[in-house]
Amino acid sequence: MKGVNAQTVNPLTGACQFTVSHQGTLTQPQADWLAEEVPVALVYNGISHVVMMASPKDLELFALGFSLSEGIIASPQDIYGIDVQPVCNGIEVQIELSSRRFTGLKARRRAMDGRTGCGVCGVEQLSEIGKPVTPLPFTQTFSLSHLEPALAQLKNVQSVGQLTGCTHAAAWITPDGLLSGGCEDVGRHVALDKLLGMRAKQPWRQGAVLVSSRASYEMVQKSAMCGVEILFAVSAATSLAVEVAERCNLTLVGFSRPGRSTIYTHPQRLYE
């Protein structure tokens, strides 16, 4: 969707160019790039399930990752097709679910009236917060010395971020600190869902997730739902994120920087 003074829209990057003024040169307007943010509706078998604000790129990956991290599907094979359709007020992502999974989704929806994209709004009782997650196994290890090269590569998956300074990133990093792939979005949860969708289509199992944001409980929950054992966040973790990570055996690390990381839970997967 084009802003009132947008001059150029780049559909490949999810950025648009606006005319802006800067302090010190108010009489000399200049062109500047801004990240696009659009409403994206995930529609399962013709029924809209949720509307999220997101960057309009990699939406097939978003649909797959969201479906996995929210427990709507158990594997990519539960989705028969994904079709991205621009509409007048945003974008609809039409997702064709297997009949068994759609029956389960309809049962969930009856208890989720008023659901929004925040991950908590719409639940009827506090006890409903946090889906049961099978405790993760301990099959992964990671050397903290490999964080530095991984962090240096994070900008490589932020083409919009480098233009605008306005996106979060989520990446999969190998035990050697190499970046296998990553995604960006104006929303940190959406960036993670996109990465989880990407990972589901790749043979990536050894390694960890690195996110450029803080670690909220939703980030931990989504990672654990997809079998991720180690989550590195550039910023801090919340108290509920730590509680959930402890409960589901996820290794959670905040302030992820060389020599300065804070390990909140299950440090046995990490070594110097």
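Using N, Cα and C of the backbone, Cβ positions are placed for all residues, glycine too.
Listed features, source TrEMBL:
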ACT_SITE  Cys118  active site, cysteine persulfide intermediate
BINDING   Phe255, Ser256, Arg257, Pro258, Gly259, Arg260  Mo-bis(molybdopterin guanine dinucleotide) binding site
Other CB atoms within 10 A, centred on Pro258 (Mo-bis(molybdopterin guanine dinucleotide) binding site): 14
Count of other CB atoms lying within 10 Å of the CB belonging to Ser256 (Mo-bis(molybdopterin guanine dinucleotide) binding site): 23
Least Cβ-crowded entry, counting other Cβ within 10 Å, from the binding-site residues listed as Arg257, Arg260: Arg260
CB contacts for Gly259 (Mo-bis(molybdopterin guanine dinucleotide) binding site) [other CB atoms within 10 A, all chains]: 9
C-beta crowding around Phe255 (Mo-bis(molybdopterin guanine dinucleotide) binding site), within 10 angstroms: 15
Cβ-centroid neighbourhood (8 Å) of the Mo-bis(molybdopterin guanine dinucleotide) site, Phe255, Ser256, Arg257, Pro258, Gly259, Arg260 excluded: Leu147, Ser261
